[in-house]
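Heads up: the structure comes next, in structure tokens.
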Amino acid sequence: MSAEEPKSYPVPYRSVLQEKFEPGQTLIVKGSTIDESQRFTINLHSKTADFSGNDVPLHVSVRFDEGKIVLNSFSNGEWGKEERKSNPIKKGDSFDIRIRAHDDRFQIIVDHKEFKDYEHRLPLSSISHLSIDGDLYLNHVHWGGKYYPVPYESGLANGLPVGKSLLVFGTVEKKAKRFHVNLLRKNGDISFHFNPRFDEKHVIRNSLAANEWGNEEREGKNPFEKGVGFDLVIQNEEYAFQVFVNGERYISFAHRADPHDIAGLQISGDIELSGIQIQ
């Protein structure tokens, strides 16, 4: 069982962004390389998804032949000054590259770890197209998210129906002690409490009914790391919640209440949130 069905995207890949790239949003690119890989690039363009002379606010070039990742911009017909850093991606391995936009910079994250900040040289609002080229297999491209307050609380208009999944993208704070994700019932009870505790090195799972906690479940290691990003997926199945962390199945939590009665979401603790989805 997998939290995410693998897809295959054509390379070269071209896409038009339907809305403006705004601060808080993240571009997620996942794929894999081959042993013969030399280079691949991710580009954020203005006006067209090619190099016909229009500006390129961000050029990310992953170079195995040089052992570097190179960041640059193309403006007014000229490339700017390159910013280089050692390439942590290995030939033949899968990779996860995220580009999060902020008011003054792009935050580049490689395999869930902060890689480098790149200050804007062109307006973020000028970005309209995306291109991905080179020696890679591409299996996931997603753009979205925003700045989320923590604590975060929201009703779920359509609930979390059986067969659907909650996706939470975030980064654990470097001095984190705990965070939690709660799925709420209509009456305010907590159908599922998911609580990574770094001070105890466990992840607590529980439920709350009529103001009383049930029996804790805490088997298994804590798969989250301080200062490192994560993808958390909670699948609502008929008999249990299935939990995946960074694409790997983690635990199952048998339902203690009606699985069709999920009406709200709470997220709190020592994390930065970058995305929340239901799919």
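Any Cβ shown, glycine's included, is placed from N, Cα and C.
Residue counts of the domain 'Galectin 1' (13-144) by helix, strand and coil are 3 helix, 75 strand, 54 coil (DSSP-based). Swiss-Prot lists 13-144 with the feature domain 'Galectin 1'.
Residues or ranges marked as domain 'Galectin 2' in Swiss-Prot (evidence: sequence analysis): 152-279. On the 0 to 100 pLDDT scale, the domain 'Galectin 2' (152-279) averages 97 in this prediction.
Positions annotated as beta-D-galactoside binding site by Swiss-Prot: W213, G214, N215, E216, E217, R218, E219. Within 10 Å of the C-beta of R218 (beta-D-galactoside binding site) we count 15 further C-beta atoms, all protein chains included.
In three-state terms derived from DSSP, E217 (beta-D-galactoside binding site) belongs to an extended strand segment.
Take the CB of N215 (beta-D-galactoside binding site) and look out to 10 A: across all protein chains shown you find 8 other CB atoms.
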